[in-house]
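Peer 1: Please find one structure pasted underneath; my questions will follow.
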């Protein structure tokens with residue numbers, strides 16, 4: 001059947017246009033259209049412009065600007081006039097359907113669905129009283145004819161593509177159904193009277209096609225039975241096909257040669273199939289041949305439809321030549337639509353804000369920052385501030401050695417001063433012991449003038465130096481303690497970076513802990529993904545509402561259809577609303593999962609927090625040790641200067657003490673050796689050295705208040721051990737914590753203030 005000749009198809013004539021006061025060039029192009037698809041495009045454009053004109057100017061029946069519109073009626077050839085622009089639109093739509101029927105009847109066999117769509121729109125949207133050729137009965141007949149011919153074209157293609165026999169049978173059965181509907185309309189007396197002489201020709205052709213395509217349907221049902229090896233059914237289907245084809249041949253008398261040729265070809269096919277099936281069943285299979293009415297009837301498969309027509313589709317109408325004419329009603333309707341959009345946005349935003357508030361409160365209570373919840377990477381690197389200190393010490397390799405040497409020198413000078421003061425104190429104690437022995441021997445105290453005057457001054461100065469040395473000794477001890485505290489850190493900073501990294505604490509997590517951490521990170525990422533998606537959808541909704549302008553559609557829409565248009569236009573937001581609702585609904589599940597993950601994360605979180613605290617403390621301690629280095633060097637140098645100066649003064653005082661003790665010993669010897677007896681007045685002692693007065697003056701200036709590590713401390717209160725230990729913040733060296741760094745308690749006593 002693939003090579004069967006094509007059956008002829010019914011096509012409709014175009015209506016002829018008469019008078020209409022519209023743009024002459026546009027009107028002429030729409031009336032004298034070429035018989036091709038370009039002509040269909042021209043008719044669609046003209047139809048759209050008429051629709052635009054009608055929405056702006058009152059040209060309907062009985063309205064102020066209505067003008068006469070004249071077209072010729074197809075069947076009678078009479079001119080029909082109406083003062084209604086919709087009559088012009090209806091006639092253009094009829095011509096659009098008729099032109100598509102012409103194109104469908106050509107060899108290309110396309111366009112019947114478009115013709116059915118044009119006639120359907122005309123039947124459903126326009127009055128039926130304009131003319132006979134546009135009555136409801138005629139339009140329904142045209143629709144069924146076009147759909148039947150469209151299904152016939154689909155049947156032809158299915159046979160060429162070798163589709164399954166059952167599918168081809170159903171397509172052919174649907175052709176029969178469409179033509180039966182058309183035949184019923186043709187047999188209607190009212191329709192017959194409207195059609196006139198062409199009614200008989202159409203009816204005869206349609207009836208012949210009904211039998212012909214019924215035969216084709218049963219032929220393919222027989223083929224299916226053959227494929228299923230139901231040989232008895234095959235015989236009855238082929239016999240039925242042969243019977244229906246004979247009926248079609250009877251009705252085909254007077255039809256064109258193409259019809260006769262198609263019938264002869266089909267007879268050869270069906271006749272051959274029937275004879276072969278009957279012979280095989282009679283001599284080979286011997287299956288019972290069932291009655292046709294006992295078999296299941298073939299149901300049609302409607303695979304074609306009337307394509308919808310949109311008169312205002314900008315893709316086919318082109319630019320609106322009346323675009324600048326926007327009625328006030330359209331502006332008012334646009335405002336109403338804007339309010340509908342605003343209401344939709346308010347409803348959606350209320351739901352979003354409520355969910356966002358719950359989410360923010362929940363995340364604040366959890367205190368989970370996605371950026372810091374997993375800071376394990378921090379422990380794999382030395383922090384930049386520590387790297388900077390390591391780099392600074394790397395270019396000064398003698399840092400620790402210089403500090404140790406400086407403190408050793410300070411200790412040496414300190415020891416020398418202490419030895420000198422101890423010797424002075426021993427001399428004074430020895431002299432005092434000798435003096436007591438002399439008193440015991442003589443039994444009385446020598447008169448005061450007999451005592452050497454320089455010894456009392458030496459004792460006084462020695463007491464002052466010892467007091468000053470005692471305070472400086474505490475400062476020196478604290479300085480050494482501070483050095484010992486920071487020395488190890490300085491050695492670490494000056495060593496290899498691997499040792500520095502090893503000195504920093506690192507967390508130790510089990511595989512289960514790592515799994516808990518990864519799960520929490522995954523859920524936090526889901527929370528962020530949910531936030532981002534929600535913001536994106538909200539932004540899309542706002543932009544879509546901002547761009548949505550249907551003023552052009554409102555211009556061409558009747559006021560009674562406004563509400564329906566609003567509903568249809570607002571449907572474009574349904575997909576975004578569905579996505580947003582799914583996003584909002586997912587929040588509850590995500591937060592529940594996050595709560596469970598956070599419970600498991602509690603122990604890991606505590607351990608990580610402790611390690612992080614130790615890590616930060618270690619880093620701060622190392623940085624503080626580096627920053628304390630310069631202060632240590634400065635204080636040690638000041639200490640050396642102080643003790644060097646004190647050493648010189650102690651040496652001079654020692655010489656004076658020795659001289660005074662010698663003078664005192666000589667005085668005691670004189671008392672013992674005097675010929676006049678112990679009661680004789682002694683000789684006056686030798687005059688003290690000339691420098692004794694200046695030494696006393698210098699010694700008088702060596703008070704604790706005169707020692708300072710900082711010039712800004714001059715004139716302040718006297719420093720003792722108690723207020724030294726209670727030093728205020730900012731005094732002494734800086735350290736990570738006052739309780740750990742003894743430099744913060746150093747008494748600035750190093751600099752000797754010379755008068």
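Each Cβ is built from the backbone N, Cα and C atoms, and glycine gets one as well.
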Peer 1: Which one of these stretches, 492-519, 520-547, 548-575, shows up in TrEMBL as coiled coil?
Peer 2: 520-547
Peer 1: For the coiled coil (414-444), give me same-chain residues lying six or more residues beyond its boundaries with a C-beta closer than 8 angstroms to one of its C-beta atoms, as numbers and ranges.
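Peer 2: Sequence-distant neighbours of the coiled coil (414-444): 455, 458-459, 462, 465-466, 469, 472-473, 476, 639, 643, 646-647, 650-651, 653-654, 657-658, 660-661, 664-665, 668, 671-672, 678.
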Peer 1: Compute the average pLDDT of the predicted model within the coiled coil (520-547).
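Peer 2: Its mean pLDDT is 90.
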